[in-house]
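**Student:** Here it is: the structure, laid out below.
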Amino acid sequence: VGFKAGVKDYKLTYYTPDYETKDTDILAAFRVTPQPGVPPEEAGAAVAAESSTGTWTTVWTDGLTSLDRYKGRCYHIEPVPGEESQFIAYVAYPLDLFEEGSVTNMFTSIVGNVFGFKALRALRLEDLRIPPAYTKTFWGPPHGIQVERDKLNKYGRPLLGCTIKPKLGLSAKNYGRAVYECLRGGLDFTKDDENVNSQPFMRWRDRFLFCAEAIFKAQAETGEIKGHYLNATAGTCEEMMKRAVFARELGVPIIMHDYLTGGFTANTSLAHYCRDNGLLLHIHRAMHAVIDRQKNHGMHFRVLAKALRMSGGDHIHAGTVVGKLEGERDITLGFVDLLRDDFVEKDRSRGIFFTQDWVSLAGVLPVASGGIHVWHMPALTEIFGDDSVLQFGGGTLGHPWGNAPGAVANRVALEACVQARNEGRDLAREGNEIIEEASKWSPELAAACAIWKKIKFEFEPVDTI
């Protein structure tokens, strides 16, 4: 019989406004900026086609399968308020398009090719709805929030961390000394910076050994369980696993991975190893702003956060709302809830386009890090709540008396804020008062308050692109 060759409009096949989404569909919300003259329906359908079964022309092998069963469908289009040339295209993908348990395959399909499409000026993936049928094919976080608290025996407050600075250039022994001083002063965790791997000035094995010594010494002296995020990120998966195995042999509680630069395949392998071997896994989001900072093109961080919860990690950096790195309060709390909670309702005011049911997938602790110090403690305690890690790098190591007093100042400030909150005080209104009261009996906190009182990072965002 032959077939009708030639180029055809995508919207004839892939724009289906009458489609009723299934419980098993993966749903995507794209912010689409089409080229002038391209109608919204055609642009939305093009996104659905190019990220599923479509190609630019009709091919005879289309007749050998059921396109209706496997194609993505653009089922709804809505304008973006305040933007003339933009709209949100909602696309539904049948579950059979995706390999089970593979974030790599999911992203290769949904965002792998379509972002370079000529008919679009810009394209941004704003949100994904992951159905329970797909969620259940992932292991998710190695342990989750409750198991982590049980391992650490720490309840009822946020956890405290510190990134060791300067991030590059210290010898392993001096690095270990800084770790010991911070943990001894009262922090729960210290952290390798994301770009500390295995450089000529400090090879990974030396760092692991000195940090392990620091952890066990601080534990013995304080009676608290301590940890240091040993960065296992490496140039090959085999080398990464070798570092994870060595960390486990040392008996440390937690390791770390840069999940975007390391890649989802490596991250999922590492998360599986951590679950099998009792290691917690801290995740750094290095490179995220390359993908998520532009509001018209790329991918929103809430999508990367969902992907991490599926791939596996017990902590992930999530912005601060109050520090030096960008993060709008409602939007940030939207993806913080997506990391921690089992069920999150659709709420467009917080950027959540779909109701997300994680069924029994464990939660991830959000990490607030970047330009924060003791005066931020009341706001951070109120915004992030107990299930979070508050991480002060310069805010610990920049203390005028040294690392250990810097750690003491942070711990005293945190305990004061938690106690005040538990007594029913309003942290938002009385925050400075609470810190000032605590500083009267903690000289370390008083010194920290004096040095950082005037520091603020409240710049207006300059990006309007």
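Backbone N, Cα and C atoms are what each Cβ position is placed from, and that goes for glycine too.
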**Student:** Just to be sure I read the record right: N113, T163, K167, R285, S369 are listed as binding substrate in Swiss-Prot. Which of H315, H317, H399 is listed for the same site?
**Tutor:** H317
**Student:** Quick one: of K165, K191, D193, E194, which recorded positions lie within 10 angstroms of S369 (substrate binding site), measuring between C-alpha atoms? Sequence order, please.
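**Tutor:** For S369 (substrate binding site), the recorded positions whose Cα atoms are within 10 Å come to none.
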**Student:** A 10 Å Cβ contact count, applied to the recorded positions H284, H317: which residue has the minimum?
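**Tutor:** Among the recorded positions H284, H317, the lowest count of other Cβ atoms within 10 Å belongs to H317.
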**Student:** What residues, ordered by sequence, lie under 8 A Cβ-to-Cβ from T163 (substrate binding site) and sit at least six positions away in the same chain?
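**Tutor:** In sequence order, T190, K191, D192, D193, S369, Q391, G393 meet the Cβ cut-off.
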**Student:** Express in Å, rounded to the nearest integer, the largest CA to CA distance found among the substrate-binding residues N113, T163, K167, R285, H317, S369 named in the record.
**Tutor:** 37
**Student:** Are any of N113, K165, K167, E194, H317 (the recorded positions) within 10 Å of H284 (active site, proton acceptor) when you go C-alpha to C-alpha, and if so which?
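**Tutor:** The recorded positions passing the 10 Å Cα test are E194, H317.
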**Student:** Among the recorded positions K165, K167, K191, R285, which residue has the largest number of other Cβ atoms within 10 Å of its own Cβ?
**Tutor:** K191
**Student:** List the Cα distance (Å, whole number) between E194 (Mg(2+) binding site) and R285 (substrate binding site).
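**Tutor:** Between the alpha carbons of E194 (Mg(2+) binding site) and R285 (substrate binding site) there are 8 Å.
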